[in-house]
Amino acid sequence: MNIQHPQDGIPIGLNKLDIGTGANVRVRAYFENISKLFANVRDAADIHLESWADTRLYDARCSWFDPFVANHGHPGTFQWGTFSSSQLFAEQLPKISFPHSFNNPPNVIVWIRSLDVDKVNNPRVEALATDVTDHDFTLHLRTWGGTHVYDVTVDWIAVSRDNPSVRVGQFTATPDVFPSGLGEGKTGYTGRLDFGQAFGQPPRVVVGFNKIDAAKEKNLRIEANADKITNTGFEMVINSWGDSVIYGGGAAYIAFI
């Protein structure tokens, strides 16, 4: 296990995958060459979406969230970090400490940024934050059903509840709910999410996977989108397409102005 609290990085999460069969699910998203205008204001970076070895990556997409930009250069109400784990067969429950304590327990979301899942069983992985206090939280990182996750890396983002310009949350689709047709050859799950406290205008919403559960016999095709965004909420859509089969999925969001 590897826990990091990067000083100069930017949290990033996958939100679309199209990966071929017959090889491990290998994909990662990361930044390089982050440049700064001044102090903590970043103006450009190189984003990489890649696979390796014999994996065929046909398409991928990611989201990112720069706390400095979202909080107008003052990131005190945000903290984030990266956690990596190898040889995941069931569940791990590491405690993650915040670099600095919050005044109250913050809201915490988790995004998957890198995966290497064995091809023998269905790709299944989930990452959630629970038991959040003002100084730490428990990261629930798990797989199930015989799946072997060789490596997984997640980014977590903690947001102070006192921040008036940011909302975070998540949507999870479970196997007991059958995916429905969404038009344009897509099937999947939708859920309406409310911000709790309305924004003054429709915010920007960025999303990233925190759960993937799909069949191995066809390409892993899955994506998460924020749709029908208003100042009070939006619709989360997790879908597949073609002949791919998803049994569930989850995505976490950050909404900000």
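First residue shown is number 1, and so on along the chain.
Each Cβ is built from the backbone N, Cα and C atoms, and glycine gets one as well.
Just so you know, TrEMBL annotations never went through curation; they're auto-generated.
As the structure is a computational prediction, the values presented were derived from the model and not from experiment.
As a whole-number mean, the pLDDT of the domain 'H-type lectin' (11-65) in this prediction is 89. The feature domain 'H-type lectin' is assigned by TrEMBL to 11-65 (among others).
The feature domain 'H-type lectin' is assigned by TrEMBL to 95-159 (among others). Residue counts of the domain 'H-type lectin' (95-159) by helix, strand and coil are 0 helix, 39 strand, 26 coil (DSSP-based).
Each residue in the domain 'H-type lectin' (193-256) gets a DSSP state, and the totals come to 0 helix, 41 strand, 23 coil. The annotation domain 'H-type lectin' is assigned in TrEMBL to 193-256 (among others).
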May I have the DSSP-based helix, strand and coil counts for the residues of the domain 'H-type lectin' (11-65)?
0 helix, 40 strand, 15 coil
